[in-house]
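Have a look at the structure below, then the notes.
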Amino acid sequence: MSPYALSMLMSSLAVGTVITMSSHHWFLAWMGLEINTLAIIPLMTKMHHPRAAESATKYFLTQATASALILFSTTINAWMTGEWTIVNMTNHTPTVILTLALAIKLGIAPFHLWLPDVLQGLNMLTCLILSTWQKLAPMALMMLTSHQLSANLLIAMALMSTIIGGWGGLNQTQMRKIMAYSSIAHLGWMILVISFAPSLALLNLLIYLVLTSSMFLMLMTLNSTNTNKLSISWLKTPTLAASMMITLMALGGLPPTSGFLPKWLILQEMTKQHLGALSAMMAMSALLSLFFYIRLSYTISMTSPPNISNSSLTWRKKKNLTYVIPTLIVMSATMMPITPTLLLLN
């Protein structure tokens, strides 16, 4: 792809997200979402492969359906209230339709089936953009309307997302599908608490962005697309393979990594809301995700592939590691000490 076309598409992605996040009018927010969707389609199809074309088609149809539902719900709301402002969603019917539309855009269960298939057909860089940057605009709209959305509907979708995200990743060997189910499970934790404490949902989103970006960048550096390739990563770059284990533990939510921080605070908030049974179910569903993260760590550290040569080390290509990956790895592992500060701010 031409550098000029690539820069134009990346600029359109940024502009679309900024328009949606800074708008107060529903039509302007919808326009930003459309710019975002149309800008990423050429990035998906630049690989010139039937799987890439299939992924782009599935993504376009799903996002077009969600955008139509958003426009439909906001039009009904404007017809009932006479206003197009985002924060004024007072009627039940358009609020429910909007919740379902944003769930489709984000890939929250039970509207999650498009996400693993779409990610599997793309290259790692586009998967990174789709799993991180493309979540910002719909999540911003969900946070702006969080005080008006149906809490019971969000809780039901959150519990379903964490269970399906953990269950679906158990038998996967492709890293892109595993990261897709990981994304579904993390989104479940975000929308669980968004009605009660939007600041915690924002914290969870930021830590999710750091962990997912770190994981995808390491997979791109090691060129690992499945668990078989992952098992020889310690022969290529031992330091990066060890760092990947820390990031996987953070994604699973094990202390003292950064991934434990949002889960701890969210469960604490749920118990304050007298939702102890729901907190217990969410904690148990997190164990499903933790299992396949530990399985990946075992694959990286404790398995050795068949080796026909006498040397135990493979030929190592020189990796041009930037400062981005080490910074993200450090943030993945060392954000727990800021917990008292966050509790004071909250």
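Glycine is treated like the rest: Cβ placed from N, Cα and C.
Caution: TrEMBL annotation is automatic and unverified by curators.
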Checking 190-210, 274-294 against TrEMBL, the stretch recorded as transmembrane segment is 274-294
Under 8 Å Cβ-Cβ from the transmembrane segment (274-294), and at least six residues away from its ends along the same chain, one finds 155, 158-159, 162-163, 165-167, 169-170, 172, 178, 181-182, 185, 188-189, 192, 248-249, 251-254, 263, 266-267
